[in-house]
Amino acid sequence: MKRRLLLTAVAGAVVAGCVTESPDGGTGTDAGVSADSDAEDDGEPADEEPSEVSLLDAFESALEDGGLENVAVESVDDRVEIEYHATGVTEDDVAAEITLIADGYTTATEQGLSSTRLEATAIEPATDETLDRFSIEIEWIDAYLSDSIEWNELLMRIAETFVTETSSEDDAVVEDGSDDETEGGDDEGGESDESEESDGNETEQIDDADTDTE
């Protein structure tokens, strides 16, 4: 599975209208974190400020409800780390994942989650290997919540952090290809040297024959 075109994917999704702002200024997805409703289900008063644990749990549930599988959301030092199984290989798949996570992080931050950034890692379901990563700086979320930037601009900033991990299979192909070319070049060089040496011997034999005739 290779996924390398996140920036193009997000841009295409924005242009196509797949990612838009809602009339009330929120994001255009349905993955909002609902920590208040979780608190009510647990018997806690809804007017109390939700805890970090409840916000992270609600964030994780929202991502799962949005279609992500094997999601893990946790707080590490001052950042939020997320791992999840990639949903597919197309540009739309990648765009949907980043939009879903950005929406959930925005809502969690608005409800009181404290962090400096989010780091997301997509995992290949078949091999459990890392496919790609992206990050979201809290300054971008704050800028969006204060109406300093638009939702589409927020997504584009996130897209620019996208990094694809090179698989071991890809590395093997590159190494094998370069080795073959090198070996081929050495063989050709060896044949050329042998040919030149042979031509030199033939010339010496002709000169010796001319000397004997005289």
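Glycine too: its Cβ is placed from the backbone N, Cα and C atoms.
Note that the structure is predicted; figures quoted are calculated from it, not measured.
So that you can see what the record holds, here are the features copied from TrEMBL:
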- 37-51: compositional bias 'Acidic residues' (COMPBIAS)
- 167-214: compositional bias 'Acidic residues' (COMPBIAS)
- 53-166: domain 'DUF8159' (DOMAIN)
- 19-51: region 'Disordered' (REGION)
- 165-214: region 'Disordered' (REGION)
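Note on the domain 'DUF8159' (53-166): DSSP counts are 50 helix, 32 strand, 32 coil. Predicted-model confidence for the domain 'DUF8159' (53-166) is 94, expressed as mean pLDDT.
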